[in-house]
Amino acid sequence: LALGAPPGNAARTLPAAVDIQPACLGLYCGRTVLSVNGSVETYGDCGVCPRGQRTDDNKICRECVGSPDRYDWLYLGFMAMLPLVLHWFFIEWYSGKKSSSALLQHLTALLECSVAAVVTLLLSDPVGSLHIRSCRVKKLSDWYTMLYNPSPDYITTVHCTHEAVYPLYTIVFIYYAFCLVLMMLLRPLLVKKIACGLGRSDRFKSIYAALYFFPILTVLQAVGGGLLYYAFPYIILVLSLVTLAVYMSASEVEFFKDLLVRKKRLVVLFSHWLLHAYGIISISKLDKLEQDLPLLALVPAPALFYLMTAKYTEPSRILSEGGNGH
């Protein structure tokens, strides 16, 4: 203006005042939104995003407003089944053949895990609803944000660790905590009253076993949560096949009539089929029903193959035929 330039030209040539901030380094560092005035947002310093938020493509912390997809729910279902299956295994292992309390203990374990799951969902955001809001899992590194804290000057580390997969990581810990509390409140009283046929030291062994495997499951989720998220369908398939083969061989199940005579064996067989179907559904995600549903017909195939070939692989028969041939 002092040089005689028209006011209009001066307004066009002078740039507007902008808030120039240094680049936000790190894969998961972001700026929190301090205030919103219409369409104008004010951001804070680059750092860790609050719980329930993750960075967008512009390094701005945005609240997680989505909901878990089908695969996320299947993963949460798998993590919820782990303590229940372990409860049932150790109850059956320590109950003995003479104990009549195994069924009630199985039902109590199912009740404990079911109540813990419902309470965990009710306490998750939004509180009081069985629905939860979550952030989308984009890649494996989303589970391990603590490994991606930047060091701009190679001396000072900017800590940007937060739950980028909210709440899939921490909700499992909350669920395990409720399972443990409910078990300690319900199971000792039940076992003390109904565990007939067991010694005083044997009746609580299934509870002692839970005190061991709950910390193991917690460490497993803390260290390998991301790996389990991508690998759990295949883990289910492999474990269901291996445990079914081990159970049938240990129980000496050879023919279909063996399953029909003993209902307990039939229950175990159907339980393995359900796990096998769960693994197939988790892999296919049922995105295309006309292609994925026929895969469920393969669920009984391993058990049928074992039952039809068990008589040809019996060790005593192999040894006798080998001795005769020799």
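From the backbone N, Cα and C atoms, a Cβ is placed for every residue, glycine too.
Per TrEMBL, transmembrane segment is recorded for 73-91 (among others).
Residues 80, 83-84, 87-88, 91-92, 95, 129-132, 171, 174-175, 178-179, 182-183, 186-187, 190-191, 194-195, 206 of the same chain sit 6 or more residues outside the transmembrane segment (103-123) yet have a Cβ under 8 Å from a Cβ within it. TrEMBL lists 103-123 (among others) with the feature transmembrane segment.
Packing against the transmembrane segment (166-186) from elsewhere in the chain are residues 51-54, 64, 68, 72, 75-76, 79-80, 83, 87, 108-109, 111-113, 115-117, 119-120, 123-125, 132, 134-135, 137, 143, 207, 210, 214, 217-218, 221-222, 225, 229: each is 6 or more residues past its ends and has a CB under 8 Å from a CB in it. Taken from TrEMBL, the feature transmembrane segment covers 166-186 (among others).
Among the features that TrEMBL reports, transmembrane segment is placed at 207-228 (among others).
For 234-253 (among others), the entry in TrEMBL reads transmembrane segment.
Annotation comment: TrEMBL describes 265-281 (among others) as transmembrane segment.
For 293-310 (among others), the entry in TrEMBL reads transmembrane segment.
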